[in-house]
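Q: Starting off with a structure, shown below.
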Amino acid sequence: MGLFILRRSGVMIITALCLTFIVFFLTNLYPNLEKLAKTEGNFRMSDEAVASWLEKNGYAQPVVVKYGQWLGVMPGWTRTADGEVTGRCIDGTATPDEAATAPRYCGIIQGDWGYSTRFKTGVGDIIETRLGNTGYLMMWVLILMVPSALIIGVLAGMREGSATDRSLSTLSIMTTATPEYVSGVIFIAVFASSTVGLKWFKGTATAAMENPTFENFFLPVLTIALYGMGYIARMTRASMTEVMTAQYIRTARLKGVSFPNIVLKHALRNALIAPFTVIMLQFPWLLNGVVIVESLFNYKGFGWALVEAASNNDIELLLAVSVVSVVVVLLTQLISDIGYVFLNPRIRIS
Amino acid sequence: MDPLTWTGALAFLNPIYQITLVLLVAALAIWIITSVISAGTRQVANADGSFTLAGNPQAMANLGVKLTFLVVAILSLAYLLLGLILGTNAGIVGAMSRQMLPTWTALVVLFALSITFKRRLGLYGKLFDSPIGMIGFGLVMFWVFTGIFGAMDLIATHDPLGQASGMKNKVPGTPLRGAEEGEYAWYLLGGDNLARDVFSRMVKGAWEVLKYAPLATLFAFMVGITLGLPAGYYGGRLDTLLSFLANLILAFPVILLFYLLVTPEIVATGLPQFMAVVLFAFPMVFCGVLIHSRFRTQPGKDYMWLAIVLVPIFLLYMSLINENGSKIDFWPLDFFDIPGGVLVVFVSVVFVNSPTVFRIVRGLAMDIKTRDYVAAAQTRGERAWYIMLWEILPNVRGPLIVDFCLRIGYTTILLGTLGFFGLGLPPESPDWGSTINDGRKLLSIYLHPALPPAVALMSLVLGLNLLADGLREESLKD
């Protein structure tokens, strides 16, 4: 088991390195750097001015070197001009003496996430606050989504072909067919529109960042939860119907165990193994939904930061965002693998 | 010109319709609740030792649902049919129904033919045995026909890009100010924030989706099959490597990937074109290997078929990737140019979809390769590619067809996501995602620009899901 976790973690780290390098490479392509130089400097820069700006700010080095510096396995660049030193690990300019005391390595391994050109603050702070907002959103999404999806799935799967099954299955197909930007628009129209709607909820969640209430926070949570819910419910239903045809359920029936008892004591635990992995693997898609819903409801979280960083070519923020999301995705995969083994003792890892 | 109401001369039907709708919802609720509580039909022992099935609340609720559903369906049909006859006199619904006449005709003809000959049509015919599959197929074909006839300008009332004065954010049914002779006199579903006709944009948007989604899915399948079969069949290092790459792409947040690929700066570097070179080569490889593995022993036939199939595909491929004034510009026979933005959208959608297909095909191939007929082929001394493409692939077609339907829906959602973030597609493009994005800015005041494309997208994807469900059900039966 220990070896398994170790090997999976190793693969995870390699994957994370590959993915961040791809993002690094894409964001550091010359046209992107040129755009960055022009937004940071001025828009009418000549090509030579752009080249010298990039040279001065350490962007002109080879991609691998820059990646190593960002990661913190290569010493950050320094540059001496007119007796003043600028460098990756130095804020602004410094005298040579000050520069000598500055740390040589400053990458994400050292905890230095860099500086966001869009928000003009450290990337670490942005990620922290934004991730906090999104974490809160996700918590409520999971609280709403997982139990209701499991209940729907179990209710539908315990009597295959019954009225409950057919209606709940149709419902879950409908929710999987409705992407967040469609259901969000429909919810706003029905529940929040100021002209014809019911005006039960607020159409934006901006206020929810300081003061989340049911009124301003329920719609975004519902929008994300619905899309994921259908899929989990269908998986739960499939695994529940399979379990309900198993031999031991028939035995329990023949023994005269009551139906609720069969479902709760005999079927449920075995039926929940498959949905567990599905829930974990659902995280990448939830991330997708978060980005859509946060821009739709104007909730300034992680997804919103991603959109802002990507549309302004904020390289360091974009990298940090991709690191976080890739790590989240890979961690959930790892947890799902390990949890699967724990839940299902029949599986042995050798 | 007076503004149109929703139902016009058919307004007398509205109260009846509302009452039956309420009844239908109530009956549905009772039906669900009773089925949870009661234990299904109950057997009653009679005095003479026989059993009868007792009528119970659930059966009655079931009857109620069926009756009210029938009435609702008949009334809905009445709105549409009377609308066909009365046109704009029957309000907005009637006018839309009249505009959609080509779609209705095509649907009726298709269903009549299919149901008549369903026993001779294989899996497709069996689809018409399952109500779910039929509803799904109907929804999908509705949008397919709407898209095709919309592209032929038979349905749309106005130019989807044309702006009319005084129609900005006007509610559905508003008459055009100073409509000229021969011009349609109303904006059936209102005007959007640039005074364009919402109805026409929705109809044209269907064509945008139809143009990209199935083709992108097909390419993703070609890539997934060509890589997934050897990965599953050979296993070993190849499998490890390809699976690692697939997991790499799958772990990438889709939206981040889109944002990285679709920006004009990246397009300028030609990266999407290079990706297109790789991804679009797969159909060629697939067809080539497919033919060659079959006719390897008959060189004459082999070369003939290879030439017939590969030459047109190669010409298409070259004109697809070759574009004047871009990084790849050397091929003289360039029949058409794909606008840069569209190519990027296409490439990124294929790129995102293919790892999932790869995983499915790989899993299926691993399962099938232990079967006896594969062992028989191996004993006969067939080559590996023949076994993969002519023994394994035909036997996994069921799950693949089902997944194909689901994946078109998923691709539609992805395309909508791209439009929603304003990525890739031109900003005035009438595709549903972009239209929703345009409409959402004023959503709390004006609902009508955003709702029609949202409902359209939802119904198309729902149709594809139901179709896939029906296909799965029917293909499992035999």
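Positions of Cβ are set from backbone N, Cα and C atoms, glycine also.
In case it helps, TrEMBL gives these features for our protein:
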type	residues	note
DOMAIN	B:206-468	domain 'ABC transmembrane type-1'
TRANSMEM	B:16-37	transmembrane segment
TRANSMEM	B:67-87	transmembrane segment
TRANSMEM	B:99-118	transmembrane segment
TRANSMEM	B:130-152	transmembrane segment
TRANSMEM	B:212-234	transmembrane segment
TRANSMEM	B:241-262	transmembrane segment
TRANSMEM	B:274-291	transmembrane segment
TRANSMEM	B:303-321	transmembrane segment
TRANSMEM	B:341-361	transmembrane segment
TRANSMEM	B:404-425	transmembrane segment
TRANSMEM	B:445-468	transmembrane segment
Q: Looking at the transmembrane segment (B:274-291) and the transmembrane segment (B:241-262), are there 3+ C-beta pairs under 8 A, with each pair at least 6 apart in sequence?
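A: Contact between the transmembrane segment (B:274-291) and the transmembrane segment (B:241-262): absent.
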Q: Hey, does the transmembrane segment (B:241-262) touch the transmembrane segment (B:130-152), meaning at least 3 C-beta pairs closer than 8 angstroms, sequence gap 6 or more?
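A: Between the transmembrane segment (B:241-262) and the transmembrane segment (B:130-152), which are separate recorded stretches, there is no contact, as judged by 3 or more close Cβ pairs.
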Q: Would you mind listing the long-range same-chain contacts of the transmembrane segment (B:212-234), meaning Cβ under 8 Å and 6+ residues beyond its ends?
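A: For the transmembrane segment (B:212-234), the nonlocal Cβ contacts are 242-243, 279-280, 282-283, 285-286, 289, 342, 345-346, 349-350, 353-366, 369, 384, 387-389, 392-393, 400, 404, 407-408, 411-412, 415.
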Q: Please identify the stretch among B:16-37, B:303-321, B:341-361 with the greatest number of Cβ pairs below 8 Å relative to the transmembrane segment (B:241-262).
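A: Per the Cβ under 8 Å count, B:341-361.
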Q: With a Cβ cut-off under 8 Å, give me the same-chain residues at least six positions beyond the ends of the transmembrane segment (B:16-37) that come close to it.
A: 56-58, 61-62, 64-65, 67-69, 71-72, 75, 79
